[in-house]
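Annotated features, as they stand in TrEMBL:
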- 62-367: domain 'D-isomer specific 2-hydroxyacid dehydrogenase catalytic' (DOMAIN)
- Val123, Asn147: substrate binding site (BINDING)
- 157-328: domain 'D-isomer specific 2-hydroxyacid dehydrogenase NAD-binding' (DOMAIN)
- Arg202, Ile203, Asp223, Pro258, Leu259, His260, Glu261, Gly262, Thr284, Asp310, His339, Tyr340, Ser341, Gly342: NAD(+) binding site (BINDING)
- Arg286: site 'Important for catalytic activity' (SITE)
- His339: site 'Important for catalytic activity' (SITE)
Amino acid sequence: MFSRLATRSVASSRPLARSFAAPQQSWSRGMKVLAILYRGGDAAKQEPRLLGTVENQLGIREWLESQGHEYIVSDSKEGPNSDLAKHIVDAEVVITTPFHPGYLTRDLLNTAKNLKLCVTAGVGSDHVDLKTASQKNIDVLEVTGSNVTSVAEHVVMSILLLVRNFVPAHEMIERGDWQVSEIARNAFDLEGKTVGTIGAGRIGYRVLERLMPFDTKEHLYYDFATLPAEAEKKVRARRVEDLKEMVAQSDIVTVNCPLHEGTRGLVNAELLKHFKKGAYLVNTARGAICDREAVAQALKSGQLSGYAGDVWNVQPAPKDHPWRTMKNPLGAGNGMVPHYSGTTLDAQARYAAGTRTILENYLKGKAQKPEDTIVKDGKIFSKAYGGK
Ligand code: NAD
């Protein structure tokens, strides 16, 4: 039913434009919008709420075409013959998603003759070369806040499944085995443990809020910005200015900052040496913030007891990616899943609606929300990405 490239020709969209568009409005001009989304397959055909898929197209095709715009949707994003490379050349707007990132590199952006706006359907625009986008005066926006609760819940779940040694316990049951001591020898309570977050923004703060009922010992955070005193008090958070000091005091470290030049490879072999022996690390921010080999090695040696998350340095992750199968010395400690924490059906409804709002603002010449703005007027605007 769905071709690999889900698009209608410009010609086929014109009659719709005539019947629905209001000709007086300046935003009835036709433009080319390209969306690179993940393929949803049978699941997307059966579940229309999977809006962020090639099949369901963020739910905006009818609306865009009714305005006379051309809308091209594909999952083909790698290499010179991809739909991304082919269509970016004359697209005015490119929509991408962190879940199946269309990497908007310097080389690719330099081929874009008409590009004015990149929209991230979700949160996290590190797959866009923000420096090149600002040099080329291409605005970059994302749907800030759209999935932060979804991710915070996933972080808390991941902390619990590592600390309580859940995954091998379930696998044991599926195998037909029953050996309680094998699991209990490395299962603990979350109560009384110290949790440190790298980044205490929307997600990091929500994680700390959600940990409060577990009677954790202390919450630490490492961030450019200090939280207001009231906000710190509410989640029992203490800022630690030196990252090495923070990880040295934490039983569990969770990564909740964006990926940018200052955070790429931040959790590397050197920093991992400063972690408490047998600590847990949860990263749902971006794979490349943690060094691939250093993490695998730290888990293998037991320096880390567990690593969990849903983000990978390349997505989709290659079949032989070490994070798929890495284990601690007891054959456990891996809570890795595909990138889905921020794409629950609730989140998809929010980021699809937010994408449409950004497009509406753009088409009507209305100001965008400052919190959604990553690059604007030739400058990196967002403080979280190093903007001033
Ligand atoms: P946010 O902007 O609200 O918070 C990010 C925080 O990180 C800010 O407080 C910022 O000051 C801090 N920060 C930036 N650079 C830092 C550094 N070098 N050291 C310490 N702190 C630093 O963003 P958010 O909504 O909380 O999202 C955070 C990140 O989570 C996103 O950028 C994205 O990469 C990731 N994310 C993942 C998913 C998913 O599905 N896995 C979904 C949404 C967001």
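Glycine too: its Cβ is placed from the backbone N, Cα and C atoms.
Where TrEMBL records a feature, it is marked here on the structure.
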| residue | record | Cβ contacts under 8 Å, 6 or more apart |
| --- | --- | --- |
| Val123 | substrate binding site | Pro98, Glu142, Val143, Thr144, Gly145, Ser146, Asn147, Val148, Val151, Gly342, Tyr351 |
| Arg202 | NAD(+) binding site | Thr144, Gly145, Val148 |
| Asp223 | NAD(+) binding site | Ile198, Gly199, Ala200, Gly201, Gly204, Arg239, Cys257 |
| Leu259 | NAD(+) binding site | Gly124, Asp126, Ala285, Arg286, Ala288, Ile289 |
| Glu261 | NAD(+) binding site | Gly386 |
| Thr284 | NAD(+) binding site | Val151, His154, Val155, Ser158, Ile203, Thr254, Val255, Asn256, Gly309, Asp310, Val311, Ser341, Gly342 |
| His339 | NAD(+) binding site | Pro98, Phe99, Asp310, Val311, Trp312, Gln315 |
For NAD(+), whose listed binding residues are Arg202, Ile203, Asp223, Pro258, Leu259, His260, Glu261, Gly262, Thr284, Asp310, His339, Tyr340, Ser341, Gly342, the greatest C-alpha pairwise distance in Å: 25
Fewest Cβ neighbours within 10 Å, where candidates are the binding-site residues Asn147, Ser341: Ser341
Whole-number mean of pLDDT values that fall within the domain 'D-isomer specific 2-hydroxyacid dehydrogenase catalytic' (62-367): 98
Binding-site residues near ligand 1 among Val123, Asn147, Arg202, Glu261, Ser341 (Cβ under 6 Å): Val123, Asn147, Arg202, Ser341
Number of other Cβ atoms within 10 Å of the Cβ of Arg286 (site 'Important for catalytic activity') across all protein chains: 25
